[in-house]
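K.L.:
Pasting the relevant annotations from Swiss-Prot:
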- 1-5: topological domain 'Cytoplasmic' (TOPO_DOM)
- 27-47: topological domain 'Periplasmic' (TOPO_DOM)
- 69-77: topological domain 'Cytoplasmic' (TOPO_DOM)
- 123-128: topological domain 'Cytoplasmic' (TOPO_DOM)
- 6-26: transmembrane segment (TRANSMEM)
- 48-68: transmembrane segment (TRANSMEM)
- 78-98: transmembrane segment (TRANSMEM)
- 102-122: transmembrane segment (TRANSMEM)
């Protein structure tokens, strides 16, 4: 069970990181490397902090993932990563600042991902 906790921790961190990165980047104007100077960073500090926090979330997620792999067989652990696809979709359509639309097809896709994860991690019924 310890491995699943680490795996879920990794999924939650990577999901939050992705949503934070999206917010930071969608609120940062288009730029080139030449545009980045102290004034630009100061003017867009919340966005840069969000991007840095998102990258840190990815790093922490990877650390959790290392521990998940230590305790879980790969054929059980790896499908857990797919949870983040469904969770990011739910976050993107639920949080008003993203203004992303939910469609039946996308929602069904997220549902199938969840169903697949459940099927892979369900123990087979023992035959007597």
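Any Cβ shown, glycine's included, is placed from N, Cα and C.
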K.L.:
Determine whether the transmembrane segment (6-26) and the transmembrane segment (78-98) share at least three Cβ pairs under 8 Å, counting only pairs 6 or more apart in sequence.
P.N.:
yes
K.L.:
Per DSSP, what is the residue count of the topological domain 'Periplasmic' (27-47) in each of helix, strand and coil?
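P.N.:
Counting residues by DSSP class gives 12 helix, 0 strand, 9 coil.
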K.L.:
Go through the chain and flag residues at least 6 beyond the ends of the topological domain 'Cytoplasmic' (69-77) whose CB is under 8 A from any CB in it; none is fine as an answer.
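P.N.:
Residues 2-4, 6-7, 120-121 contact the topological domain 'Cytoplasmic' (69-77) from elsewhere in the chain.
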K.L.:
Average the per-residue pLDDT over the topological domain 'Cytoplasmic' (123-128) and send me the rounded value.
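P.N.:
Mean per-residue confidence for the topological domain 'Cytoplasmic' (123-128): 72 out of 100.
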K.L.:
Per DSSP, how many helix, strand and coil residues does the topological domain 'Cytoplasmic' (69-77) have?
P.N.:
7 helix, 0 strand, 2 coil
K.L.:
Under 8 Å between C-beta atoms and at least six residues away from its ends: which parts of the chain pack against the topological domain 'Cytoplasmic' (1-5)?
P.N.:
67-68, 70-72, 76-77, 80
